[in-house]
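Novice: Just lifted these from Swiss-Prot, have a look:
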- ASP313: active site, proton acceptor (ACT_SITE)
- LEU201, GLY202, VAL203, GLY204, ALA205, TYR206, GLY207, LYS208, VAL209, LYS218: ATP binding site (BINDING)
- 1-16: compositional bias 'Polar residues' (COMPBIAS)
- 1-32: region 'Disordered' (REGION)
Amino acid sequence: MDNGVETPQGQKTQPINLPPVRKKLRKHEGLGKGVKRKLFAEDSSPLKKQISACSDMETLSSPVKSECESRSASLDESFGKCKHEIACDCSAIEELLCHESLLDSPMKLSNAHTIFSSNKWKLELEKIIASKQIFLDMSENAELAAYGETLCNLRIFEKISSPFLFDVQSEERSYSVVYVPHNKELCGQFCQPEKTMARVLGVGAYGKVFDLDKVAIKTANEDESVISAFIAGVIRAKSGADLLSHECVINNLLISNSVCMSHKVSLSRTYDIDLHKFEDWDVRNVMNYYSVFCKLADAVRFLNLKCRINHFDISPMNIFLNHKKEIIFDAVLADYSLSEMHPNYNGTCAIAKEYDKNLQLVPISRNKFCDMFNPGFRPLVANAMILVNVCGAFDGENNPLRHCNLDLCAFAQVVLSCVLRMTDKRGCREAQLYYEKRLFALANEACRLNPLKYPFAYRDACCKVLAEHVVLLGLLFYRDVVEIYEKLYDFLDERGEFGSRDLFEATFLNNSKLTRRQPIREGLASLQSSEYGEKLLHDLRELFLINSTADLDKDTSSLFHM
């Protein structure tokens, strides 16, 4: 390593920094052992040959209406096989879900007692729950019986080629289930990447990524595979994709087009480079870059406003590009290892696995600020809230806009780093050494600490990161930085966090003296003189003005939008 850039993981890079070392799953007071992961739901209109555009209803997918009204399905208790599968003459798509049993409460079915009250079914559910160590209170446990309805027709797997979301209605609520087909041919070809001489692209706390003939192969643990499959199914259905769609890029989101739940392997496609490694910035191509940023912002909006999913790990290392020299042709947002469904959908989601004919529950969302984002790209408001309550949770108020804006604020941190590289007259490498090295060192400090075991040290590390973010922000928006600084200072003062307040002040003042604006002045002036450069800076400024929880209600639909 020749330039000594240290990443937020404490790794030497060329000069690449990977996402921070994920902290091991931690025990939460009152939660099941190892609970951290979560996920859940929203809507879509009735299934036809393809899922149509999404609405704003309260389920991930809307119920499938069936014209076959007189049949009642009896289920094989092992996995709920539909006894009249062969005789059923419903239309191709309508027969995917098994008639009125999907729309009625389980307790209204003639065979409800046999199916849902049987010890075998209860034991099976309890076994699934226990195997995943998911915390469920009694009410949640009781409602899980409705998941039995999702399994009444295994022929769904014959109609899809990739994970796909379907809705299941009970009398009182709707459940969202992603069906995950098992492709034996792909399994045999890709599920042992070490033996096929696949090239290692990356290694992280959640698994490895390999490249084999432009196919990205991700090996992960069970939880990460469940998340990958569930989110892929939600995105595919909410986008209106055809049931047989095998696309892995939808609305600038990179998703798995095949997930082997047996080997915990997900497949997608490879890209030239990630955004952190991209060094060919040229301020003259700002229109190209602004267009790319707009597409990525739209991806964040789709993920939150339509799919009800927070990404929670937006960073340059999770944005992949194809480019030729300084021109970026396409970019995608990827990696859902930290993603969570909006918590108002807790307890309503699962995946149905073809390979073992079983259900896998999707863990619930906790929305803990300390579990969100790479500390080096965490939104100002999230770091500020950690200083008040290290293990505090984000209150989205059941408002998708608030969740969306939180992700967009992290996206703003990414764009800020790009602008500093773009405008530094010394070049990208020097910009990384000068503007990013200290930020990464401070972020490393937070990454290495467990907030439950060392809450005060973790809080102080996040406080220093927050101060450094404001320092870097002041390089571009020096007229606004005083207002932002004072707003954060007053927030800590009013909450009685005097130690954090003083550390924030001292770090900001000290680091401001060490940071020169001179290297970017010429490039920044060039950026301001162009139409798209001015738009970029305006939109970036507006996102950074979201620095309190109240600001998360702002309408940001016009920002980074072509």
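Positions of Cβ are set from backbone N, Cα and C atoms, glycine also.
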Novice: Between GLY207 (ATP binding site) and the residue listed as 'active site, proton acceptor', find the distance joining the two CA atoms and give it rounded to the nearest Å.
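Specialist: Between the Cα atoms of GLY207 (ATP binding site) and the residue listed as 'active site, proton acceptor', the distance comes to 16 Å.
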Novice: Would you find the one among the binding-site residues LEU201, VAL203, VAL209 whose Cβ has the most company, meaning other Cβ atoms within 10 Å?
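Specialist: Most Cβ neighbours within 10 Å: VAL209.
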Novice: Counting across all protein chains shown, how many other Cβ atoms sit within 10 Å of the Cβ of ASP313 (active site, proton acceptor)?
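Specialist: Looking across every protein chain shown, the total is 23.
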Novice: For the C-alpha pair, I'd like the distance in angstrom between the residue listed as 'active site, proton acceptor' and VAL209 (ATP binding site), rounded off.
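Specialist: Between the alpha carbons of the residue listed as 'active site, proton acceptor' and VAL209 (ATP binding site) there are 17 Å.
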Novice: Kindly assign the residue listed as 'active site, proton acceptor' to one of the three DSSP-derived states: helix, strand or coil.
Specialist: coil
Novice: For VAL203 (ATP binding site), just give me the three-state DSSP call.
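Specialist: VAL203 (ATP binding site) sits in a strand per DSSP.
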Novice: Within 10 Å of the Cβ of GLY207 (ATP binding site), how many other Cβ atoms are there?
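Specialist: There are 18 such Cβ atoms around GLY207 (ATP binding site).
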Novice: Please report the three-state DSSP label of VAL209 (ATP binding site).
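Specialist: Strand, per DSSP.
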